[in-house]
Amino acid sequence: MESLGLQTVTLSDGTTAYVQQAIKGEKLLEGQVIQLEDGTTAYIHQVTIQKESFSFEDGQPVQLEDGSMAYIHHTPKEGYDPSALEAVQLEDGSTAYIHHPVSVPPDSTILAVQTEVGLEDLAAEEEEGFGADTVVALEQYASKVLHDSPASHNGKGQQVGDRAFRCGYKGCGRLYTTAHHLKVHERAHTGDRSYRCDFPSCGKAFATGYGLKSHVRTHTGEKPYKCPEELCSKAFKTSGDLQKHVRTHTGERPFRCPFEGCGRSFTTSNIRKVHVRTHTGERPYTCPEPHCGRGFTSATNYKNHVRIHTGEKPYVCTVPGCGKRFTEYSSLYKHHVVHTHCKPYTCSSCGKTYRQTSTLAMHKRSAHGELEATEESEQALYEQQQLEAASAAEESPSPKPTHIAYLSEVKEESSDIPTQVAMVTEEDGAPQVALITQDGTQQVSLSPEDLQALGSAISVVTQHRSTTLTIPGHQEELATSGTHTVTMVSADGTQTQPVTIITSGALVTEDSSVASLHHQQVALLATANGTHIAVQLEDQQTLEEVISVATSAMQQGAVTLETTESGC
């Protein structure tokens, strides 16, 4: 501690003041009587007070006189460029080292490090951080930029290496801004998990109190973080999960790939971290199975792969009568749309619909050259469209439907395809086809997006054969009342049973019965007991898959499967 010489001055009113010991070379003596400027008399008493020395935290950022930022360290950090370190003496006599972060010119052509995407943001922001290979590769890119770039710049270069604390465990090398964050990270190496869940039969342990608090909410069901969007009612266990969700509304992608020429951006740093490994070639997760040794860029892909060896399939379809199991959640999600007949994602360029955003994004990239289309961007766009559609639906009245009935007659001796009625409901001129059993029980509704209009072909699938009923597609041909006949065509092209179509109000002409076909199809599984299930055909979907899906749906009982305009 440092001593300062002060003198106390007792004023005439009894109050005490402190006077610095030396005033312009003069010395005030103990007990001396002095007269102050306001005319009052004071007595001098000398005392000693202690001034606490100012201590710096290791790695603390400080602002220098020239306005630049530096970092204080008690000892030189391993791996730092000696030319970027400056030894200084603190007031308490100790020596510290100031680290001046390296600046990268913004016009660099090897590696562009944006202001909000410095290398320090790339290292271990979440549970999984970058491995040492990735960090080294990025630093090599940055150092090459410094070596090849001119020394002079406009002073607005981006700081690299702000993370002052590097993990010393072999093969790790992850970087952190504070000693506390490094200490928390090191628990992943030591296995220290002192925060344990108290719920019965759980006993999970965590490295941080925040991790435990978030986990406990899986037991309590608490979701305190609610989406602020007016039309969205979702809530989340953690603020981080809420922040990621909000970006689906705003379209924000704050985490950009730092590699020049890539330009991709992501909603979370973890997704970006995995993406960067496609540039560096790092695959930190290796399959331990003998004779396998496959490497993966993410822990999720690694875990899914390991289940191939173990045979574990933890994700089960909950649809009654199905019970299929999958090794990964994404496969279960994709499987579920088979039961819902849902293709909610529509291409804005050509109108094709898809079940997954990943398939739509791949279609946009290959068919329309939209290289920036990704699974996340299409999901965000879809959710925004859903919100707009919900808002518009509240303002517009429901249209009144009109009906056109189609009756198909099949020979009684043919038990494979029982008699059925297909009814077309026109709402605002848009036809909607419903398949109805002989006893009048409606089984499924098919939207205009599923059929593309009346011109779509309906495949009637049985356990023994597949036939196609062609319905004319041009609405101007629905002109006069009457009865007309079209022909059902088998899979090999052979004409089979004639089908009579009875229309009311609007008609189909006989000579155009096979005039128009559209690329989309709906498969109808017909059984001897009169049960009908319609299944939307996907590209390259096999007949076996169609029968499997429809059979599973029929096991649920005779229920009405209503669909929206996009089949959901």
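Here the Cβ of each residue, glycine as well, is placed from N, Cα and C on the backbone.
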Annotated range (Swiss-Prot: zinc finger) out of 60-84, 135-159, 285-309: 285-309
Stretch carrying zinc finger according to Swiss-Prot (options 225-249, 425-449, 475-499): 225-249
Segment assigned the feature zinc finger in Swiss-Prot (from 15-39, 165-189, 515-539): 165-189
